[in-house]
Amino acid sequence: MAGIDRRGFLKASMASVAAAALAGCASQQGTSATPKAAGKSVMGLVVPKMAEVRVGLIGVGERGVGFIHHFNNIEGARITAICDTDPLVISRAQKIMADYGRSQPAYYSKGQQAYLDLVAREDVDIVVIATPWALHHPMAKAAMLAGKHAFVEVPMGMTIEELWDLVDTAELTQRNCMMMENVCYGRDELMVLNMVRQGLFGELLHGEAAYIHELRWQMKELDRKTGSWRTGYHAQINGNLYPTHGLGPVAQYMNINRGDRFDYLSSMSSPALGRAAYAQREFPKDHQRNQLNYICGDMNTSLIKTVKGRTIMVQHDTTTPRPYSRHNLIQGTNGVFAGFPNRIALENHGRGSFHEWDQDMEHWYGKYDHPLWTRMGREAEQNGGHGGMDFLMCWRMIYCLRNGEPLDQDVYDGAAWSAVQPLSAASVADRGNSRDFPDFTRGVWQSATPLGIVE
């Protein structure tokens with residue numbers, strides 16, 4: 001949502017971020033405690049088939065505008081309602097809908113609670129939420145309580161309490177709450193998942209994930225766009241602010257929540273130097289960007305231990321000058337795949353010595369491309385969205401709902417992956433001492449069916 005009450009929202013958002021950070025540090029004793037279930041598990045939830053999926057969009061700004069295009073290009077999906085309090089993006093949405101020759105949906109734009117009118121509509125089946133982080137939890141919860149399935153941008157929530165609340169609400173209402181981790185639908189990530197399922201790397205031992213993406217330029221976005229609200233987090237939380245893009249695929253490789261789960265985490269941050277230096281260089285001394293105390297370390301490194309003993313390194317750096325990377329590394333007893341750039345080394349079934357990287361991916365694409373990408377990859381690339389992963393994610397969401405199949409990601413995945421943010425902040429504040437992950441599945445991970453290779 002591009003502009004929720006503009007400056008007023010930005011101040012309120014900063015306050016909520018500070019409260020979330022303080023709550024996270026104050027409530028670390030007993031983070032692994034499992035509350036009583038509010039309803040039955042939604043692991044593998046299947047809902048009645050929908051001939052048509054009626055879509056309500058909350059937030060059609062920098063991120064959400066893409067969903068207007070994607071759902072207009074997916075058979076069986078129809079946008080029936082749109083909410084955003086920024087009149088400029090509402091006008092843009094109206095034009096896009098007209099350009100597609102579609103009937104105009106209902107629009108809601110008056111006040112911060114306008115989304116409640118959208119989720120109450122009878123002609124909305126799913127609510128897709130692409131708003132600033134602090135709004136993900138209340139909007140997803142409201143959608144489920146109104147009988148809708150919630151699809152929310154990353155992260156799913158910002159505190160352990162929020163994450164448990166969304167798990168409980170999903171179980172109580174028997175509604176889907178999917179955090180839309182689009183990177184799980186990238187060609188490379190899907191291929192590696194297929195390789196892992198076919199046993200190419202042997203028994204899995206270790207993974208590496210990251211969000212390394214220089215975004216200092218967003219500090220110049222003051223009244224609208226992502227930087228207008230995202231910059232403030234660097235002055236409120238010292239930890240991994242944005243863990244899920246790299247972590248989601250690695251978690252799927254390892255069958256997290258479906259045979260294994262995150263056990264505990266230890267985290268450390270480097271000094272926080274880059275944001276302040278950038279502000280001093282790019283803005284006047286009395287500018288608002290020079291009034292912030294940037295505390296989030298330029299590089300955060302967290303180590304996750306799983307119940308089965310595997311390890312995952314997760315890094316976050318949106319400040320230093322370096323090439324983009326999500327790492328996307330998975331190491332097994334027979335070899336390793338690493339991304340950025342893609343390369344592979346195998347002891348058996350490789351094409352050379354495992355002492356040297358094989359970087360010829362065309363061979364491996366030809367042999368291990370995921371069936372879903374083989375089927376939909378060309379259409380996904382034509383429709384765009386981070387190389388097609390965004391479109392493929394949306395297509396798969398609609399496909400599952402129309403065909404009565406469980407979603408590829410569920411509320412337990414969103415909770416576990418998002419929990420890295422508050423747990424890393426608490427660990428950093430405590431000299432890197434470990435923090436336990438809650439078992440959001442309440443033990444169901446031990447018997448849940450692993451994510452399959454769908455076509």
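Cβ coordinates come from backbone N, Cα and C, glycine included.
Note that this is a predicted model, so its numbers are computed, not measured.
Swiss-Prot annotates Tyr211, Arg230, Tyr242, Pro243, Thr244, His245 as substrate-binding residues; of Tyr115, Tyr278, Tyr294, Tyr324, the candidate listed for that same site is Tyr324.
Between the candidates Asn176, Asn182, Asn194, Asn257, Swiss-Prot assigns the NAD(+) site shared with Glu62, Arg63, Asp84, Gln112, Trp133, Ala134, Leu135, His136, Glu153, Val154, Tyr242 to Asn182. Not a single one of the binding-site residues Glu62, Asp84, Leu135, Glu153 has a C-alpha within 10 angstroms of the C-alpha of His245 (substrate binding site).
Least packed by the Cβ count within 10 Å, out of the binding-site residues Arg230, His245, is Arg230. Comparing local CB density within 10 A for the binding-site residues Trp133, Tyr242, the maximum falls on Trp133. Between the binding-site residues Tyr211, Tyr324, the minimum number of other C-beta atoms within 10 Å of a residue's C-beta occurs at Tyr324. When the CA atoms are compared, no binding-site residues among the candidates Tyr211, Pro243, Thr244, Tyr324 lie within 10 A of Trp133 (NAD(+) binding site). Taking each of the binding-site residues Asn182, Thr244 in turn and counting other Cβ atoms within 10 Å of its Cβ gives the largest count for Thr244.
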